Amino acid sequence: MSGTLILVRHGQSEWNLKNLFTGWRDPGLSELGHEEATSAGRKIKDRGLRPDIAFTSVLSRAKVTNTHILEVLGLPALETIEDVALNERDYGDLSGLNKDDARKKWGEEQVHIWRRSYDIPPPGGESLRDTGARVWPYYLREILPQVLRGKTVLVSAHGNSLRSLAMVLDGLSGEEIVKMEIATGVPIVYRLNPDSTVASKEILEG
């Protein structure tokens with residue numbers, strides 16, 4: 001057995017609450033989001049997991065989630081690396097729009113295609129494939145080597161950046177990954193083999 005990878009989608013943001021496309025915009029966590037992030041920390045602690053290093057995007061909702069988790073674990077000064085590579089998918093022209101308003105403007109079917117297709121981006125934005133093209137190389141270069149040294153690594157990021165990791169770790173197709181839901185504030189724990197394959201996966205829902 002090698003190391004452990006803990007993936008956490010940030011707690012609910014103010015814009016999740018308002019049903020807005022967020023992408024690279026930078027709203028804070030909602031009241032529930034702060035609670036979800038703290039709860040994620042408790043779930044990790046209850047499993048006896050103790051991160052050796054943390055990674056997060058440069059967006060505040062992920063950074064604050066990471067901070068809450070580390071505070072619960074008694075590790076407020078843990079080394080944390082922030083990188084734009086872990087940012088949420090860029091929704092381009094949809095960013096900041098209410099999802100219902102976007103459906104009125106472009107049509108329900110078109111918005112559904114942009115949201116749930118693997119390789120069709122919204123205007124000025126990224127597809128899930130585009131997101132994976134920056135997330136996965138970063139994982140291979142920066143995160144995986146830490147795990148293969150036997151470390152426990154915490155990654156606090158976003159629905160689509162984490163989907164991009166789960167797609168490869170779980171061996172999912174583009175069609176399958178767009179249907180995968182990643183809940184806010186629910187840790188996903190992967191234990192990796194020395195050859196970087198997945199030995200086990202556990203979702204800490206309880």
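Using the three backbone atoms N, Cα and C, a Cβ is placed for every residue, glycine included.
Listed in Swiss-Prot for this protein:
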BINDING   9-16, 22-23, Arg61, 88-91, Lys99, 115-116, 159-160  substrate binding site
ACT_SITE  His10  active site, tele-phosphohistidine intermediate
ACT_SITE  Glu88  active site, proton donor/acceptor
SITE      His158  site 'Transition state stabilizer'
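Neighbour density for Trp15 (substrate binding site): within 10 A of its CB lie 20 other CB atoms from the protein chains shown. Sequence-distant neighbours of His10 (active site, tele-phosphohistidine intermediate) (same chain, 6+ residues apart, CB-CB distance under 8 A): Leu29, Gly33, Ala37, Arg61, Ala62, Val64, Thr65, Ser156, Ala157, His158, Thr184, Gly185. The recorded positions considered are Arg9, Arg89, Lys99, His158; of these, Lys99 has the fewest other C-beta atoms within 10 angstroms of its C-beta. Once Cβ contacts within 10 Å are tallied over all protein chains shown, the binding-site residues Gly23, Gly159 are led by Gly23. Gln12 (substrate binding site): 20 other CB atoms within 10 A of its CB, across all protein chains.
Under DSSP, Arg9 (substrate binding site) is assigned to a strand (E or B) in the three-state scheme. The Cβ neighbour count for the residue listed as 'active site, proton donor/acceptor', using a 10 Å radius over every protein chain in view, is 26. Rounded to a whole number, the C-alpha distance linking Glu88 (active site, proton donor/acceptor) with Arg9 (substrate binding site) is 10 angstrom.
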